[in-house]
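Report on the following structure.
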Amino acid sequence: MELFTNDIIDTQNLPKLESIPFTALNSKYGIVIACNLALIIGVLTGGLFVLAELEPDVFSNRIWFIIGVLTPLSLLLIVCFAIIGFKKKGFAFREHDVVYRSGIIATNTIVIPYNRVQHVALHEGFVSRFLGLAKVQVFTAGGSASDIEIPGIEKEQAENIKQLLMGKIQKQL
Amino acid sequence: MRTDFSQPQRQSAVGIWVLFFYTLQQYARAFWPIFLVFFFRLKNFYLGYIFGVIGLFLVLIALISYLKYRNFTFYLDEENQEFIINEGILNKTKTAIQLNKIQQVNINQSFIQKIIGVYELQVDTAGSNKKEGNIKAISQQLALDLKACLLENEGKERILGQNEPGTAAEFESNTTITPFIKISFFSLLKVGITSNYQRTIALLVLFFSTVFESLSKLSDQETGYEQDFGAYFDYSQGLKAIIMGFFMVLVAVLLLNIIRVFVQFFNFNIAKQKGSLLLSYGLLNSKSTIVKPEKVQITTVTQNYFQRKWGILDIRIKQATGGAEEQRKSAIEIPGCDPTERDAIFQLLFSKLPEKGIEFIPNYRKLVFGLFIAVVIPVALFFGLANTFFPEIMEYVGWVPFYVVLMIVLQYFKFKNYRLYIHPEFIIKTSGAWDVSEAIILPQKIQAITTSQLFWHKKADIGSVILHTAGGNISFQLANYTVLKEHINRWLYELETSNSNWM
């Protein structure tokens, strides 16, 4: 039998969640976000322009003016949020768990211990594939709210992460 | 001969048809409004054009389903003991499932699959609601082989575990076991009288508003000389009618409640068997369920003021199941227990009685926010609408003070009962204004932890936590963030240093 110990844990000296150095997402992922934004902005403004050309009588001039002012403002806001959101996303693979931080207004930090991971998926978006990026999704039994999705990781690193997670799951059994 | 699954392979070639129909269904569902508009616009064009468009659409779908087929491969990675599925045309997904995490492998056949003669294979792991791996078109032989391969790597005990009694038939053979708790007729009566007040109140409000409206219409019609007398006459009669109506509705609602409780829970027996709880209940069709302590995720005890006076309470148990969808969503309910019965059930589930540890009180902002949502916004909305679009609702202004007082009281109690208790072995969250519930989880059942903090709450040092379990989440908002994080670090430490079983 192993030597059994049952010392008091010093809760003050446990590894602290708040002092983790988070790894930022790959800067190339910024291009993916920019592409998505360009698509959204393109479709929105394009749609408005087409509408303005073909059926200018749908709205009165005053409303067109309001739309003309509000659209650029809201698009600017979307872009700002996207940039802040990108900057605030970060992840960390600790010895025993994976931590992901995200959020613009609220900072959300989600932790999954490796021994609670159910399975892992790798996603490669169309644009991401050209840049050699992938998204790692970690599933637990706790439903969709408790899954972690880490975008913007280099393909090779993502494969390694997947292997690491699978290895960790394996080891605990 | 066993098929070799270690090489990536595609689905059955005829399966393209299945994919074709599924894709068609999917796209038709997504695009039908566009098609509709298109056809109405093109009424005057000649028919060939329309057929051309339909043809093009079908060819496109066929191409998509062919590409889907080409890009969908699955294989068994013997070395890493994983089942891997690759899919996607433009956006590619690779799903890797550890073989020993697989709970169930289902082989199904839908109508389309039956016509084409292929089967669907679904791989299911614990917890989450959706099926993790889904192969849409596979021959029966291959499906059976793959199922055998996927499950053979599983520990023997797991396979045995799936066949443990859980069905009604098996349970019946064990009915000789004497129940250790029997919810009496009288307890169920109490439950029927005291539960479901929200529905009762809603019905009463509905009733009152209609009576009030018809009364005010009546008095509007009385004009001229006899107005005073008429109004008085109607008023006293109306009052009688209201009181009569009130009691009638109350009695009706109570009766309905009692009948509902009896039909659902009549003859509620709880028996012990090999450390599990066997529940059987029901008047018309009796149901039986098994509660295994190790599978229990969240246990909730609910009690309102009357139930506390009468010494009864309601227990809801959420288990992690690998079973049917509906089974996952609904909690198992044990109505009308008394405190000693509750303790006996807890003893069995937790092998000790839950204790409340350190108390967390939410920040006062929780109350302020609750009042803002429940009082300020609706009242502002009321006056805003009354002054602009619907001046006629000003008639009901007399109800506003009642509403405000009621909401303030409710919000106050909601805040007062909103607490989190952290004990080394239990986490208990209490909540609710009228029906006060106590959700109990064991720290080792936690699957993941989310912490959240709004940026303007940094200075105040308050934040929220969500504890994810396989039976749902427990969240607590606006607690002292520093202390909360200390506990989160401890939970993580405990989860990661032990291999505690969560199901």
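Any Cβ shown, glycine's included, is placed from N, Cα and C.
Nobody curates TrEMBL annotations by hand; they come from automatic prediction.
Record features, source TrEMBL:
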- B:69-144: domain 'YdbS-like PH' (DOMAIN)
- B:276-336: domain 'YdbS-like PH' (DOMAIN)
- B:416-478: domain 'YdbS-like PH' (DOMAIN)
- B:12-40: transmembrane segment (TRANSMEM)
- B:46-67: transmembrane segment (TRANSMEM)
- B:239-263: transmembrane segment (TRANSMEM)
- B:367-390: transmembrane segment (TRANSMEM)
- B:396-413: transmembrane segment (TRANSMEM)
Problem set entry | Sequence-remote partners of the transmembrane segment (B:12-40) [C-beta within less than 8 Å, at least six residues beyond its ends] | 50, 53, 57-58, 61-62, 64-66, 68-69, 112-113, 116-118, 136-139, 142
Exercise. Quick one: DSSP breakdown of the domain 'YdbS-like PH' (B:276-336) into helix, strand and coil?
Worked result: 14 helix, 31 strand, 16 coil
Seminar exercise, completed: Outside the transmembrane segment (B:367-390), at least 6 residues beyond either end, the same-chain residues with a Cβ under 8 Å of its Cβ set are 397, 400, 403-404, 407-408, 410-412, 414-415
Exercise. Residues sitting near the transmembrane segment (B:46-67): Cβ under 8 Å, six or more positions beyond its termini, same chain?
Worked result: 16, 19-20, 22-24, 27, 38-39, 89
For this session: For the domain 'YdbS-like PH' (B:416-478), give the DSSP counts of helix residues, strand residues and coil residues.
Result: 8 helix, 39 strand, 16 coil
Exercise. Taking every residue in the domain 'YdbS-like PH' (B:276-336), what is their average pLDDT?
Worked result: 83
